[in-house]
Amino acid sequence: MQLSFSTMPTRKHLGPHRTFSKGPEMGSVIGEREEFEAVGELSRPITPSSHGIHDVEKQHGQNSLPSRDPMPTDWTGPNDPENPHNWGIWKRVYHATIPALFGFAVTFGTSVYTPSIANITHHFQISRTVAILGLTLYTLGLGFGPIFTAPLSEGHGRKVVYLISSPIFMLFTLGAGFSKSFASVCVCRFFAGFFGSPALAVGAGTNADLFPPHRRAVTTSLFLMAPFAGPSLGPVVGDFVPQYKSWQWTQWCMLFITIAVYIAALPMKETYKPTILKKRAIKAGIPIKAEDKDVKRLIFMKFVRPIHMLSTEPTVFFFSLYTGFAFAVLFLFFAAFPFIFTRSPYSFEPSQGGLTFISIGIGVFLGGMTAITIDRTIYQKKYREATTSNKSHVDPEHRLYSAMVGCWGILVGLFWFGWCADQGVHWGPTLVGAVPFAWGNICVFTSSALYLTDVYGPMNGASAMAANGIARYTLSAVFPLFTVQMYEALGIGWATSLLGFLALVMIPIPFLFFKYGPIIRAKSKYPVVM
């Protein structure tokens with residue numbers, strides 16, 4: 001189904017609260033093309049999406065788009081063999097797996113560093129809080145890197161971004177390992193996160209290239225497990241390494257994993273539609289008019305628009321706040337687990353301490369499976385009903401079932417874990433409490449990501465997710481800085497309960513949006529699904 005907005009009025013004709021409807025084919029798109037006219041008109045796109053949205057403001061005088069390049073603007077038909085949607089299933093699985101592996105390797109670098117903090121404090125003669133800056137700056141790089149690097153995929157395609165950013169990521173990782181001062185470690189760690197971040201931002205776009213929206217929840221759930229699986233397995237490796245090697249080997253482990261993924265990525269083909277069509281035109285001898293782009297303006301608007309949505313859109317703000325908090329608590333555990341389990345009554349050895357994070361990994365896996373099951377049993381049923389009833393789309397609120405289930409897991413997990421650890425209960429039941437926390441965490445995250453991209457569509461969905469990423473990684477960078485101080489001041493039980501009470505306050509968010517979502521969307525300053 002092709003959609004055209006050639007008769008859609010410009011933003012100033014729409015009015016501040018008018019919205020557009022969309023069909024199911026427009027949902028769940030992350031990482032689409034977005035460019036903007038000016039800061040004062042942040043909600044008006046000036047470039048059409050590459051997935052069937054063309055000529056947004058055609059025939060509207062000075063507000064019209066520039067003329068299209070004399071090249072193919074769409075596939076030759078529904079069975080076009082170059083359309084990634086028509087590739088064989090295993091070919092698509094391969095191309096979806098590579099970004100997930102890159103995402104795993106990059107997020108693995110967050111937590112593999114933390115078990116070596118004691119070694120780093122001794123090596124550089126610094127305090128523990130200062131040593132945690134290596135984690136904080138790396139995480140900030142992951143959060144803000146996509147703002148500057150993601151636009152490159154829109155001009156040059158997905159593959160080139162993977163193949164260029166990953167070697168730079170590896171070079172800065174190498175630099176962190178060879179650093180002679182902690183300041184150098186911090187600089188290298190920040191830029192390693194910065195150049196590793198495209199794997200998380202562009203990877204979501206690759207997933208959108210490969211699968212139609214109503215078939216995307218499964219691959220999206222699996223892809224979104226990477227930012228959780230990497231941090232949960234990093235300490236398992238990071239706690240063993242310092243016992244037998246120096247702390248620098250945590251960086252070498254990151255390097256080895258990324259090299260393996262990079263080699264596996266070399267046979268990849270391009271998946272981004274405009275880049276494929278441009279190459280087709282060049283091959284056919286069709287002249288390509290050079291695009292007149294102000295790259296600085298594009299990057300600037302890529303930064304401003306997510307911030308604008310975060311500060312003006314209730315949907316973006318509240319779901320970014322919720323997922324940001326839940327993700328930040330996960331990062332807080334990187335400091336809390338060693339604090340808890342290396343002391344009496346547990347007194348774990350460093351290598352044993354890393355194994356405690358397996359409980360997080362189990363919860364992540366179960367959460368991903370839960371999100372997939374809910375999609376298969378509930379959302380797909382709603383999709384079929386909408387198709388049978390000739391409705392234009394499935395209401396985005398049907399994406400929130402996973403969040404409405406998972407929010408209770410976060411609450412229960414925090415109180416369970418906190419008070420079991422506080423009372424010195426055997427490590428087995430204590431760590432079991434971390435499983436529902438991680439399970440609920442990924443349920444809420446997956447549900448929120450699908451909801452935001454369904455609500456705002458391909459034009460604005462990527463900006464909504466960019467705002468979400470900024471909130472998640474900024475909070476995740478800050479929380480570990482005060483973890484130990486908070487646990488020392490309040491005690492394990494009450495410190496974790498404080499997080500539990502905050503989680504309790506946020507539980508109504510998915511339920512309120514499930515009930516009042518259409519009303520909230522109707523007041524949006526951006527075109528949304530109605």
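Keep in mind that glycine also has a Cβ here, set from the backbone N, Cα and C atoms.
Under the heading compositional bias 'Basic residues', TrEMBL lists 10-20.
Annotation comment: TrEMBL describes 95-518 as domain 'Major facilitator superfamily (MFS) profile'.
The region 'Disordered' annotation in TrEMBL covers 1-26 (among others).
TrEMBL lists 47-82 (among others) with the feature region 'Disordered'.
Annotation source TrEMBL lists transmembrane segment at 93-114 (among others).
Summarising the annotation, TrEMBL assigns transmembrane segment to 126-148 (among others).
The transmembrane segment feature in TrEMBL is assigned to 160-176 (among others).
Per TrEMBL, the feature transmembrane segment maps to 182-205 (among others). Here the transmembrane segment (182-205) has long-range neighbours at 30-32, 99-100, 102-103, 105-107, 109, 113, 120, 124, 126, 130-131, 133-135, 137-146, 148-150, 152-153, 158, 161-162, 165-166, 168-169, 172-173, 175-176, 220, 223, 226-227, 272, 462, 465-466, 469, meaning same-chain residues at least 6 beyond its ends whose C-beta is under 8 angstroms from one of its own.
Sequence-distant contacts of the transmembrane segment (249-268) (same chain, six or more residues past either end, CB-CB distance under 8 Å): 94-95, 98, 101-102, 104-106, 108-109, 112-113, 115-116, 159, 162-163, 166-167, 169-170, 173-174, 176-177, 237-238, 241-242. TrEMBL lists 249-268 (among others) with the feature transmembrane segment.
TrEMBL lists 315-341 (among others) with the feature transmembrane segment.
Annotation comment: TrEMBL describes 353-374 (among others) as transmembrane segment.
The list of residues near the transmembrane segment (400-419) in space but at least 6 beyond its ends in sequence, with Cβ under 8 angstroms from a Cβ of it, reads 326, 329, 363, 367, 370-371, 374, 378-379, 430-444, 446-448, 451, 492-497, 499-500, 503-504, 506-507, 509-511, 513-514, 517. Residues or ranges marked as transmembrane segment in TrEMBL: 400-419 (among others).
Sequence-distant contacts of the transmembrane segment (431-452) (same chain, at least 6 residues past either end, Cβ-Cβ under 8 Å): 28, 30, 217, 220-221, 224-225, 228, 232, 315-316, 319, 322-323, 326-327, 329-330, 333, 356, 359-364, 366-368, 370-371, 396-397, 399-418, 420, 461, 464-465, 468, 510, 513. Sequence annotations record features per position, and here TrEMBL assigns transmembrane segment to 431-452 (among others).
Here TrEMBL flags 464-486 (among others) as transmembrane segment. Residues 30-31, 114, 128-129, 132, 135-137, 139-140, 142-144, 146-147, 150, 200-201, 204, 302, 305-307, 309-310, 313, 315-316, 319-321, 323-325, 327-332, 334-336, 339, 448-449, 452-453, 455-456, 495, 498 of the same chain lie 6 or more positions beyond the ends of the transmembrane segment (464-486) yet place their CB under 8 Å from a CB of it.
Per TrEMBL, transmembrane segment is recorded for 492-514 (among others).
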